[in-house]
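To keep things clear, I will list the structure first and then write my remarks on it.
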Amino acid sequence: IAATQPSTNWHLKENARDHHTSKFSSKELIVRRGQAFIVTFNGTEQPEQNLTFIAETGPKPSKLAKTQATFGLSGTVSQEGWSAVLQSTSSNSVSISISSPPNAVIGRYKLSVQSTSSGSSSPASLGTFVLLFNPWSSGDDVFMPNKAECEEYVLEEFGIIFAGNKNHINSFGWNFGQFQEDILNTCLSMLDRSLNYRQDPATDVSHRNDPKYLGRVLSAMVNANDDQGVILGNWSGNYEGGRSPSSWTGSSEILQNWKKSGFRPVRYGQCWVFAAVLTTVLRCLGIPTRTITNFSSAHDADGNLRVDEFYDASGNHLDRAADSIWNFHVWNESWFSRSDLGPSYSGWQILDATPQEESGGIYQCGPASRNAIKEGDVDLDYDCPFVFAEVNADCMYWNYDPATGKKTLIFSKSTVIGQFISTKAVGRDDRVDVTNDYKYEEGSTKERDIFKKARKKLGLEDKFDPTAPTPQEIDQKPDISGKFKVAGTLEVGKDLSLILVLANLQSDAKTVHVNMTAWSTVYTRRPVHEIWKNSVSVTLSPKEEKQFHIKIPYTDYKQQLTTDNTIQVTALCHVEGGIQVLVQRDIILDNPAIDIQVLGEAKVNKEVDVEVIFTNPTDTEVMDCVLQVEGNDLLRGILEIDLPPLKASEKSSTKFKLIPSETGPKHLLVNFSCDKFADIKTFKMVNVID
């Protein structure tokens, strides 16, 4: 080979089109494994049959570790390893079709060529390319036969995340942005910053052909615990020193901030932020991934498939147990086969990057096979008991006396946890319920059998548990029933009106002493500030029902509310001569709406005006108003607009310009914040035409 450096034509456009990588904004070749790509180079004086190619990745490339491949020209594509097939030659250039095996290590490769006939000449570098997973290829572990699902779970940059609570599901848009500038490089850096890589780089890189390995490593890297990963979690309700988790509208800003700061954890995230960033990273690398929201999600810290909640005599929800029931929790599902468990456990796998419990000594979770969760096979890798509990745990509500340490069971329920498990539909902005993919119908014998099977596998059936309630405690029947009803609207800025309804179930009169509290909480139902308390004594005639009207004025709760807009109302009823009854409700207050209008047709490379309208619904002035706008292919980066204060009931209209850069359906995401309302979100689909 001549001493000159060969010049390489990577056929970026054609290769990207064939490999579904056209959306990446990169000058480097990005291709998928198990599929051929074309490269043309010149500067070889030798006959083609004497060429040998070397593809290598990682710090210590080796054939044994499958991080280095040496291959000559052959007539056909190899089924096992790398191969090169001659396409065409001219006087000074050669076009080659190079194929990688469907189980190749992913990452950045160096490609070199060497002439075998000239003996000692050293290989000439052709440059670098990036190899990704290939869900379009039937030989790949991540193969997804349905093309529409590949489009959604790998190529779609817009997502919808469900939140709220089981009585009130709401949703917001998210910009995953996996193809935005430098995101791929950041994802590759993330792999090189993991604990596994730091301990043994060569071995770590050799495992990067395996989606279950990468999924687990990345579930650890997305949270900052253990490894200075991407996002620092904060569930305190106080987000000083960083940004409130609810203020983010997309992943690219978070990943770019992490890289720009020299890989210092970004402050702050909560579950949906961890899940959304993990979605971005896995879609970027080519593993089909989606976010899943579980309502009434159990965090079973002690692994007994039971969640304990404690209340004091006044009805305050005590923050003393490691267990908790979150209004909702968001995790991920990624699609790949499980050669370690067998074909019946392939398909959707649960990964969770939110740091809740350690697994193998670090905060990581999964992959847990969704089929294994449904069948109660909690002894299978990885972290099935924790995930099984998130959707199946039994709940125990206790009265706890801090003075004596005595606890008394109020009641237990086995049908509370794991409801309305939700994800975005393929190709549409709708909610799809996947609860039946996680468990058999609640209350069916099959569902109870699976629960018993799981308890047995965990060794809970045979073990005496001194903390468990006695059968007598569980079988106690209350004398009265109670519930909170909503009267009027649930909106931030309006007074909160509720009705406590108590009914005597017995045929003799009952005297009841009721202690009521209302606390602002975060979405994990962790109490933050007391808002209101009251107590009342009442005598209920036989079978009588009574109503108590409760009003909590806006002025009483506005300072106390967290960015989650959640309030937990509790009534602990002490029935004379009977067992206590706990009535509780988690309330979500809606923010006022904002409205987006696109004024005119959106055309490529032409300015179009957008108007955002917000009306202040309160009778006080709102200050510190900021509008944040993002949308791939509609504007570059994130637009921030400071708005003047708004008087009571005043309407504001803000206009800005977009210059769309590409045709097709695009999503514009808007986030509005001020001193009275945190992070009001909305999105608008903009159809861009030529």
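Residue 1 is the first one shown; counting continues down the chain.
Cβ coordinates are placed from backbone N, Cα and C, and glycine is handled just like the others.
Summarising the annotation, TrEMBL assigns domain 'Transglutaminase-like' to 263-355.
Less than 8 angstroms from the CB of CYS271 (active site) sit TRP326, PHE328, HIS329, VAL330, TRP331, THR354, each of them six or more residues away in the same chain. Taken from TrEMBL, the feature active site covers CYS271 (among others).
Annotated active site per TrEMBL: HIS329 (among others), in sequence order. Cβ neighbours within 10 Å of HIS329 (active site), excluding its own Cβ and spanning all shown chains: 26.
The active site feature in TrEMBL is assigned to ASP352 (among others).
Cβ neighbours of GLU447 (Ca(2+) binding site) (same chain, under 8 Å, six or more residues apart in sequence): LYS439, TYR440, GLU441. Per TrEMBL, Ca(2+) binding site is recorded for ASN392, ASP394, GLU442, GLU447.
Neighbour counts of Cβ atoms within 10 Å were compared across the recorded positions ASP352, GLU442; the minimum falls on GLU442. Here the Cβ of ASP394 (Ca(2+) binding site) has 21 other Cβ atoms within 10 Å, regardless of which shown protein chain they belong to. Note: the Ca(2+) site is recorded as ASN392, ASP394, GLU442, GLU447; in the same chain, VAL391, SER414, THR415, ILE417, GLY418, LYS439, GLY443, ARG448, PHE451 also have Cβ atoms within 8 Å of that site's Cβ centroid. Each residue in the domain 'Transglutaminase-like' (263-355) has a pLDDT score, and their mean in this model is 96. With respect to their backbone Cα atoms, ASP394 (Ca(2+) binding site) and ASP352 (active site) stand 21 Å from each other.
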